[in-house]
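A quick write-up on the structure given underneath.
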Amino acid sequence: MPVRRGHVAPQNTFLDTIIRKFEGQSRKFIIANARVENCAVIYCNDGFCELCGYSRAEVMQRPCTCDFLHGPRTQRRAAAQIAQALLGAEERKVEIAFYRKDGSCFLCLVDVVPVKNEDGAVIMFILNFEVVMEKDMVGSPAHDTNHRGPSTSWLASGRAKTFRLKLPALLALTARESPMRTGSTGSPGAPGAVVVDVDLTPAAPSSESLALDEVSAMDNHVAGLGPAEERRALVGPASASPVASIPGPHPSPRAQSLNPDASGSSCSLARTRSRESCASVRRASSADDIEAMRAGALPLPPRHASTGAMHPLRSGLLNSTSDSDLVRYRTISKIPQITLNFVDLKGDPFLASPTSDREIIAPKIKERTHNVTEKVTQVLSLGADVLPEYKLQAPRIHRWTILHYSPFKAVWDWLILLLVIYTAVFTPYSAAFLLKETEDGSQAPDCGYACQPLAVVDLLVDIMFIVDILINFRTTYVNANEEVVSHPGRIAVHYFKGWFLIDMVAAIPFDLLIFGSGSEELIGLLKTARLLRLVRVARKLDRYSEYGAAVLFLLMCTFALIAHWLACIWYAIGNMEQPHMDSHIGWLHNLGDQIGKPYNSSGLGGPSIKDKYVTALYFTFSSLTSVGFGNVSPNTNSEKIFSICVMLIGSLMYASIFGNVSAIIQRLYSGTARYHTQMLRVREFIRFHQIPNPLRQRLEEYFQHAWSYTNGIDMNAVLKGFPECLQADICLHLNRSLLQHCKPFRGATKGCLRALAMKFKTTHAPPGDTLVHAGDLLTALYFISRGSIEILRGDVVVAILGKNDIFGEPLNLYARPGKSNGDVRALTYCDLHKIHRDDLLEVLDMYPEFSDHFWSSLEITFNLRDTNMIPGSPSSAELESGFNRQRKRKLSFRRRTDKDTEQPGEVSALGQGPARVGPGPSCRGQPGGPWGESPSSGPSSPESSEDEGPGRSSSPLRLVPFSSPRPPGDSPGGEPLTEDGEKSSDTCNPLSGAFSGVSNIFSFWGDSRGRQYQELPRCPAPAPSLLNIPLSSPGRRSRGDVESRLDALQRQLNRLETRLSADMATVLQLLQRQMTLVPPAYSAVTTPGPGPTSTSPLLPVGPVPTLTLDSLSQVSQFVAFEELPAGAPELPQDGPTRRLSLPGQLGALTSQPLHRHGSDPGS
């Protein structure tokens, strides 16, 4: 695979940097967005949650003024100082008394620090909290919870005496109060002076309690002294985006009760003077600047409004806490300043005003100066680092540092590789062959060892290796977190722990150090220490170990290198035995005799070096491959022992390497083949769709990183080959960190955890990727396990989430998934666990005993559901019933009597039917009502229409049967029904609309002797309108279509009225005689086939008076309207008039069985 480049994509490491700096010091801090209302909290660490007792979900989106921590002993002056720092986007350090969730009070030191983006604009605030002491004073009220109203005990005590906290920082300024009091105007209305009352009575409002609108007005007054542009810049942020004048999402009842005149603000804040304003303290960006400031600290005179930005005593260093300010240091010109004098006119021996003026500079001026406390600088400045900026930052590379994947480093590595190969070849050769020649005096006696050409090359190689060691001290590396480390100190430590010792030993020129000592054997042995450089080959060539061709080439080179080393050893053995051997039987003597260059009696002469090396290499290759011919044979015992070792090595190498070359290549090449296949597909996709270069780079980088993260393993494909029990165990192991440390999953049974683990999916996101877009359906719940993300609404950051945070929507509150109200974008490389809502609900349904615990302990850090898209945020029943109503609200009638209630013994037949609404025994066997029609073909029930109001008129005719009294819990048919009733009526509605009144006439025919229908009194109200169709609502038919339908209905009603008037006498006779007769065939549209006998229950009725033509005319209208098809614009106008044919003797029919006519819709 290619070299590991690490995380080289630009990342927003703001949150990680803050956590790294603060968490190591056990800091407690929150991060607030300066661009949203009330400077809402978008992040809080675990230390702050432990300090205040609130969970992260309870703190998120609250005002960063921490009004929910206020209590009876919270100083309003201190709260005003925090608000002033937030309004002025300045750094401040305030001591204030806060209350925990359990009611305990503690004195806290708050550091307010602004954070800038790359443009220099303040977009966030960091508030660091440091506990000074636990407040336990005499007469202190009992522990009081912050979320309830103030008790009468401490309210009464607060009115009795004034509470004054002796702040050490403010007491130190008492000596400087006199010049300010004498030099200031004594009236509250003096220009530039603001009266601040020190009385801290918590109950009654006082002049000390200045709301934010008063502060804005005060800014207006002072800003009038400067240019118009400065005045607008000063007043704009305070008036447009107030910090405390608008209640936050979690208003504190106690804070509102403490300050009733704050215009709805959750806490009454005022701009007051902080203790750090007494002298101008220069901003330091590192610890070195702090020391320099300490050494050169001098008392400064009081400032005035005319003091400019380039004061002679002001330091030339830019007061900066971010990289952008340091870059713009030389471009800053003179900055106009506006000052306010905060004067205390009440004589107070404990609290005093400072002697200097407080500078308030317009927040729009980016290159402004601030007064920075030394504590803030120590907290935020560690070494040479400065406060990070909230922006995408590429990995910071230290100066004079070489990237490990840079082209220079790649060329240098190849050069070092060639030098290592040279060392591996020539070091054994020179130790075995050349030293003996030097010892024999083949070279000139006055020419030293340095005159040899190979010695000069060895010297150059040694120098190159020493230079490589120095380069390794400046080369970046990738740590375990896939981060590129460029800090020289960390690089040196990493190199010392790794390969430094081996590289150092291999780079020592031993032959030069012991040159002239006369021990050539020792030199030859020490020269072999350079073979340690072969470890470099293993390191450099490891990245090519997955390529089949490279592996084959490396195996061949390894085999040749081992043969070369063995040849040098073979020559060394023969050369060592040759002078001490009386009988010339060694392989060197045999070689000299064979080629005609024998050794003389003095041992000189013999074959040349070339002949010796080639013969030795020939013998080792033939022995390693077991194909030796015997022309070079071992004769002495030493030679035979070495030959045995060579044969053993050769057999192992031949069997393990050459015999399995194909298997090795296939095994090593399988992963690489998959990688290159996938990469080829990605590149073909990029080429085919012409993806632009920035997006192409992101695709390739994500693929490479995802491959290194998963190693090309498809987890789903792997798990499919195992049984479900083993899959659950594997998933439980992979998600063990989430299931063990996340609070909602604690207490779950092993089976529940296994079921949940099977449903979780892991998502890996690079920086800059958007996980959820605004408007997307929220189909899953997300748990962050690594990295940080931001949530944006438009371009405004509303939350920054980190490890162990949860975002999504509360699934138990909504039956249908909602839509996201913002974009979720990754700031760094993130790992998230997500579970789909259907899967989660399915598991919780299987384990109901765990469901209640899960929903009660689940704290979603940020709720992404957009409640504005659905007006009123309806419940699931409203959503489902509303969805059904949209399909059925085609046509509706106004059928309601003047009386809202009916008699106790009556059941409405034209309303919803019986008082019990919903499916019952009488409607389960009827698919679409009593006449077999589908629910969507006829008009909807009165409850299914939202258009009908209290003033709708009613039908003049109502036919109701007498029945038993209703149960107490049932509602009458004329009263509005609940949402459940609406939902049930949509499912099964046998007596739907006005049509049900006519259907009841034929439903109760049979052996019901003595049962009569009665006519209700007619309503004096005007005739009702038949249709209630809002033409202007979306999705309705056009006006012309509705008018054409009305004309067709009118014609149909006229025909039906004519038919019914002709058949009325016969119908009344049938009803009075209570005989089973065939109902009249009045349908003029379609004649259905014969159907099953009706099984509707028969209800007793009372006597019915004679029906009039007008009353039955109303019934005919409803019948005609019910028979109208849903999609037919016109109805048939002509057709034969069908009349009822009665037998001659009606009395004989009473004993005959019921035979329904084929045209009867109820058949």
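In case you wondered, yes, glycine gets a Cβ from its N, Cα and C as well.
Model, not experiment: these values are computed from the prediction.
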Quick check on the record annotations: which of Ser178, Ser353, Ser1096 is tagged phosphoserine by Swiss-Prot? Ser353
Quick test of your reading of the annotation: per Swiss-Prot, do Val478 and Gly592 share a side of the membrane? no
Which residue, chosen from Ser285, Ser333, Ser519, Ser1151, is annotated phosphoserine in Swiss-Prot? Ser285
Can you work out which residues elsewhere in the same chain, 6+ from the ends of the topological domain 'Extracellular' (571-613), have a Cβ less than 8 Å from its Cβ atoms? 429, 432-433, 436-437, 440, 619, 632-636, 638-639, 642
When the pLDDT values for the topological domain 'Extracellular' (427-452) are averaged, what is the result? 62
When DSSP states are grouped into helix, strand and coil, how many residues of the topological domain 'Extracellular' (571-613) land in each? 21 helix, 2 strand, 20 coil
Taking DSSP H, G, I as helix and E, B as strand, the topological domain 'Extracellular' (635-640) contains 4 helix, 0 strand, 2 coil
Within the same chain, where does the topological domain 'Extracellular' (635-640) have neighbours whose Cβ lies under 8 angstroms from its own Cβ atoms, ignoring anything closer than 6 residues to its ends? I mean 6 or more beyond. 570, 573-574, 577, 581, 585-587, 590
